[in-house]
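Asker: Once you've had a glance at the structure underneath, I'll fire off some questions.
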Amino acid sequence: MAGRWLDPLWAPGFLCVALILETASGAGDLSTKAHGHIQFSARGVNQTAMADCRAVCSLNTSDRCDFVKRNPDCHSEGGYLDYLKGIFCYFPPNLLPLAITLYVFWLLYLFLILGVTAAKFFCPNLSAISTSLKLSHNVAGVTFLAFGNGAPDIFSALVAFSDPRTAGLAIGALFGAGVLVTTVVAGGITILRPFMAASRPFLRDITFYMVAVFLTFTALYLGRITLVWALGYLGLYVFYVVTVIICTWVYQRQRSRSLVHSISETPELLTDSEEDQMSSNTNSYDYGEEYRPLLLGEETTGQILLQALNPLDYRKWRTQSISCKLLKVAKLPVEFLLLLTVPVVDPDKDDRNWKRPLNCLQLVISPLVLVLTLQSGVYGIYEIGGLLPVWAVVVIVGTALASVTFFATSNSEPPRLHWLFAFLGFLTSALWINAAATEVVNILRSLGVVFRLSNTVLGLTLLAWGNSIGDAFSDFTLARQGYPRMAFSACFGGIIFNILVGVGLGCLLQIVRSHASEVKLEPDGLLVWVLASALGLSLVFSLVSVPLQCFQLSKAYGLCLLLFYICFIVVVLLTEFGVIHLKAD
């Protein structure tokens, strides 16, 4: 039996040894330092000589604040808060642990903001847009919904690539999330519920992902990403979308011709085509159920507004556990702010989630949020002709538009152009996610300065964990409910979008922004090769072992993946702290 070949416990050990050997040999010809981080720069852009900001911790406590203020390497490109200045200028040295603790709690809350915004506001509006454009489920699943599910990862990558000093976070987070999802999440699914994998979607997705990883590994080896290379990433994703559409069409055509008798639909008898369709919608959120009003019948404008702004469902509140209630309390301020600023269109409801007073109010507030979050509010405070700032003009125009809409519509029936609110909600939620992602990147960089950690290790641990934990819980829940194939398919489908669009679009925007011909990559540490090798080994292991098991995934396979991730983290930490290093020539 081919499946029994993988049962012995030496498989995880073999993977760990292979990871260490791949790390030592793959980077053996590189003249690099043992402890370092990826440095990115755009060719043709003047760069100011500066000291590494992480040197601040080696200075006297009285000199740290002045060093942070004067050193350009300690300044953030975007964001609303200066975290390094807060640590070294506003907190006394003896309260540094308190500052770090507060930053960690704020980081966790930012991850919560990212998750709530993406799940309850960004994804529903993308779904409404795809419905308005009459896209098929497969096209919507690999485009709009993939963008919605990967929004935190994508925006974190775009923000990180925008600053050469934090671009290592992007590579670390995208590769780190890839290792995490293909080992811990995929392995956890098979441990919770062993199942028969869908062969064609699995082979297709893992092949495309391996090509994407190989392209990124090659770019790191060459030390640059050109404009053509960045466009190639995006073109490869377009080719992936076309492949999914064609494969689905061919399969459905063959099925319609060869179908002789009907097959009863059970959770484990889903076809490959149905698996694709369902996995593309795994993370959609039924926001209408939670915010459904308690009162029925004719309601006044004031009642509609109050109920639309209420993020708490009292019926669910009474049945929730203490931990769920505490989490809900933490989310209430975020949900209220998002309900106030982000319109949501629901094509599945009779009224399409039309809330006349709230939607009219959002015509004023949402554009204001757009100009105040774009580039951290730089454009919002710009004065037009030296008379009025942009935000004031936006408020005036929005108020006029809201007044016309309010008096031209009714509470009971949505207007004919109500679907346009989905685009407004999409833009507003996207900029909220971008603003939160900017703060996440800045906090992680500040923690890296304090603990003298490279951006790469922060990206592959904290940033990757934070952005992937929501998808992990969703996939585990699907597996426990009897849909492991759907959850397993979602593991590989989502990370393809993240790496191709994250790297491609991030580098493309950096090239356009800096007016350079390429983005130069300078991996001066062994850690990035550990990361790339680990991801490649995990994919090769799955590509070989899954077909050998005849696509019948067992708990032993899941345990091998989990042990591999543990070995990977151990090797990463040993490399980061210089225990594993290259010998000097």
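In case you wondered, yes, glycine gets a Cβ from its N, Cα and C as well.
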Asker: Among Asn46, Asn60, can you tell me which residue Swiss-Prot lists with the annotation N-linked glycosylation site?
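Answerer: Out of Asn46, Asn60, Swiss-Prot attaches the N-linked glycosylation site annotation to Asn46.
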Asker: Read off the topology recorded in Swiss-Prot and answer whether Asn71 and Ala197 share one side of the membrane.
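Answerer: Judging by the topology that Swiss-Prot records, the two residues are on different membrane sides.
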Asker: Quick one: do the transmembrane segment (492-512) and the transmembrane segment (169-189) have at least 3 Cβ pairs under 8 Å, skipping pairs fewer than 6 apart in sequence?
Answerer: yes
Asker: If contact means at least 3 Cβ pairs within less than 8 Å, sequence distance 6 or more, would you call the transmembrane segment (169-189) and the transmembrane segment (228-247) in contact?
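Answerer: Per Cβ check, the transmembrane segment (169-189) does not touch the transmembrane segment (228-247).
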Asker: Could you check if the transmembrane segment (446-466) is in contact with the transmembrane segment (96-116), meaning 3+ Cβ pairs under 8 Å among residue pairs at least 6 apart in sequence?
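Answerer: Counting Cβ pairs under 8 Å, at least 3, so yes.
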Asker: Under 8 Å Cβ to Cβ from Ser258 (phosphoserine), same chain, six or more residues apart: give me those in sequence order, or none if nothing qualifies.
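Answerer: Within the chain, Ser258 (phosphoserine) has no Cβ neighbours under 8 Å at 6 or more residues' separation.
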Asker: Would you say the transmembrane segment (526-546) and the transmembrane segment (96-116) are in contact under the rule of three or more C-beta pairs closer than 8 Å, pairs 6 or more apart in sequence?
Answerer: no
Asker: With pairs 6 or more apart in sequence, are the transmembrane segment (326-346) and the transmembrane segment (526-546) linked by at least 3 Cβ pairs under 8 Å?
Answerer: no
Asker: For the transmembrane segment (206-226), name the stretch out of 361-381, 417-437, 526-546 with the most CB-CB pairs under 8 Å.
Answerer: 526-546
